[in-house]
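First the structure, in the form of structure tokens, and then the observations on it.
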Amino acid sequence: MAPPAKRAKRGWVPPGYKYLGPGNSLDQGEPTNPSDAAAKEHDEAYDQYIKSGKNPYLYFSAADQRFIDQTKDAKDWGGKVGHYFFRTKRAFAPKLATDSEPGTSGVSRAGKRTRPPAYIFINQARAKKKLTSSAAQQSSQTMSDGTSQPDGGNAVHSAARVERAADGPGGSGGGGSGGGGVGVSTGSYDNQTHYRFLGDGWVEITALATRLVHLNMPKSENYCRIRVHNTTDTSVKGNMAKDDAHEQIWTPWSLVDANAWGVWLQPSDWQYICNTMSQLNLVSLDQEIFNVVLKTVTEQDSGGQAIKIYNNDLTACMMVAVDSNNILPYTPAANSMETLGFYPWKPTIASPYRYYFCVDRDLSVTYENQEGTIEHNVMGTPKGMNSQFFTIENTQQITLLRTGDEFATGTYYFDTNPVKLTHTWQTNRQLGQPPLLSTFPEADTDAGTLTAQGSRHGATQMEVNWVSEAIRTRPAQVGFCQPHNDFEASRAGPFAAPKVPADVTQGVDREANGSVRYSYGKQHGENWAAHGPAPERYTWDETNFGSGRDTRDGFIQSAPLVVPPPLNGILTNANPIGTKNDIHFSNVFNSYGPLTAFSHPSPVYPQGQIWDKELDLEHKPRLHITAPFVCKNNAPGQMLVRLGPNLTDQYDPNGATLSRIVTYGTFFWKGKLTMRAKLRANTTWNPVYQVSVEDNGNSYMSVTKWLPTATGNMQSVPLITRPVARNTY
């Protein structure tokens, strides 16, 4: 008779776990959850330490740090307890020696056993002191209306990163920064998208993005107030739409902007999300900077024999600030196509940070073939009551990074409303119960008939005895007509009034109401081989009959606005409608009211903006045209970077120019955007239309557009968002 099988050694394990706890065997079967899996990996590492003659229980090891990293987002109580246990161990226990780095444990295979350098303890103390000070300061800093930033700023949430930096060589500590030291990698390059199915049809989507960002010295170290007044264009009658007059504050900082769908998701991800999900919402955002490299450029000899020499500068610094409390003007870069770009393998640049400054603008409204002269084409001067000049140095806490350092913003949590990823086909005429048929067709080509007029039953909103589909009472209005292609006057000059893409009129009479024109370049999806210096352009015509059903009907290359406009296309307060021809009711009629229902603007992949800041006014708009998600209270803080002034010995504070060492830098930006989606239930008998590519090389959805050419040319045209129809009533 065979001896009974030995029961596996099982130490103290909390309920629901197999490996989380001391004294366990390594053959307990499959882990029960991610925290238990991290504990199993941790136990296996401890086993290897013991076999090599080291005691991991009395010393803090790399396995302990790995367990901390793997459980930092743990949702289960056991993972949280284990996470903080080993963080406490890290604070008090000496470090275990490795083959490449001597520590304070008893065994070291190579090299002389030495004490840790004194600066490590000094940096630890500085990091903890500055962390406490920054956290206290951040918790007390609020917006002008008393609303705090949801993420708590970069100081509080980057505590783990600061502690890790203080442990490593060259730790800089403080704020949201850390140090890995020269030649030490401080991050990973990751552009994957992960889908975690949570049950009940919910899916957590984690989009990771990484970019190599190039940063040059600013053109000037000063803030500049610059005026643009293109009188050459606007002095020509009919060119009001070409008016560019404004003043802006140009800053020496650059904006690291990831607020575009193409930064986070590859085309196949967008296809999968839109084909299988019914709604989408934002959850959280994390950003970090690592592997900072700063270099100086010097020239030897001159003329045609000049040779440029590039050297690492270990003393130069890069400055980083995050506007967590939204103090500075909000300037999303997607509308100017200046985000981080849509191709992870291509280096990119940050967008120069600039913002509008208040100045009055007076321009006469003109039209084509107008007689007479233009009376007004002037700009005003700054006014004391409206002038707001912001500087980053006076409004933000700035972190200084050197070569090898890193920085993290912490986690921002969104408070937004979900957006549907299906389109509606029902207009007012399709709400409710169809009329009762009196006769049925006898053949497939025949039509049915209704009861004769005068004998029908039903509710109408007309004082006649008719009951027809045109006048039946409906519960609400789906979509609405609104004035469009109109220019409104403002103190800063004329502007095209924003339009909601909710028009439901038929055929060409709708005049592309609510359409948005996208012009973009090589980093954002342009077919540069075909277009050359001119940008590629598409119009997102969301209200086209085929929009959401057929991509080529949604994205067109024709422009909806004619410049200069004809007389009959312009309405001003001096022109009564009755004196003009070809003015349709849709140019002036507004059917928006308390009974109006309409769809939210669609996300536009890849060029569209993702989130937007809520306007700080007592009465908020129901939506924004620029982005599908509007952040309640604060939006994610804008990340700003610049190279610190690298001066020469010729610096003169009274001089007209700065004598600077030519310096540039590169760094890796990495982000994590977490979203939550709902799986779409299959309800129809018939197959549904979905986003799909075609073999035809001339079609809009030809697969060749998303494939590289022999010279590496890539194209990424806009993709639809709402391919599948849904019932709304």
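Each Cβ is built from the backbone N, Cα and C atoms, and glycine gets one as well.
Marked as region 'Disordered' by Swiss-Prot: 1-39, 96-115, 130-185. Annotated compositional bias 'Basic residues' per Swiss-Prot: 1-10, in sequence order. Marked as region 'Phospholipase A2-like' by Swiss-Prot on the basis of similarity to another entry: 19-64. Annotation source Swiss-Prot lists compositional bias 'Polar residues' at 25-35. Annotation source Swiss-Prot lists compositional bias 'Gly residues' at 168-184. If you look up Swiss-Prot, you'll see Asn325 marked as Mg(2+) binding site.
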Tertiary contacts of the compositional bias 'Polar residues' (25-35), defined by C-beta under 8 angstroms and 6+ residue spacing from its ends, are 8-10, 16-19, 43-44, 47, 70-71, 74, 76, 78-79, 82
Residues in the region 'Phospholipase A2-like' (19-64) per DSSP class, helix first, strand next, coil last, are 21 helix, 1 strand, 24 coil
Asn325 (Mg(2+) binding site) has its Cβ surrounded, within 10 angstroms, by a count of other Cβ atoms equal to 19
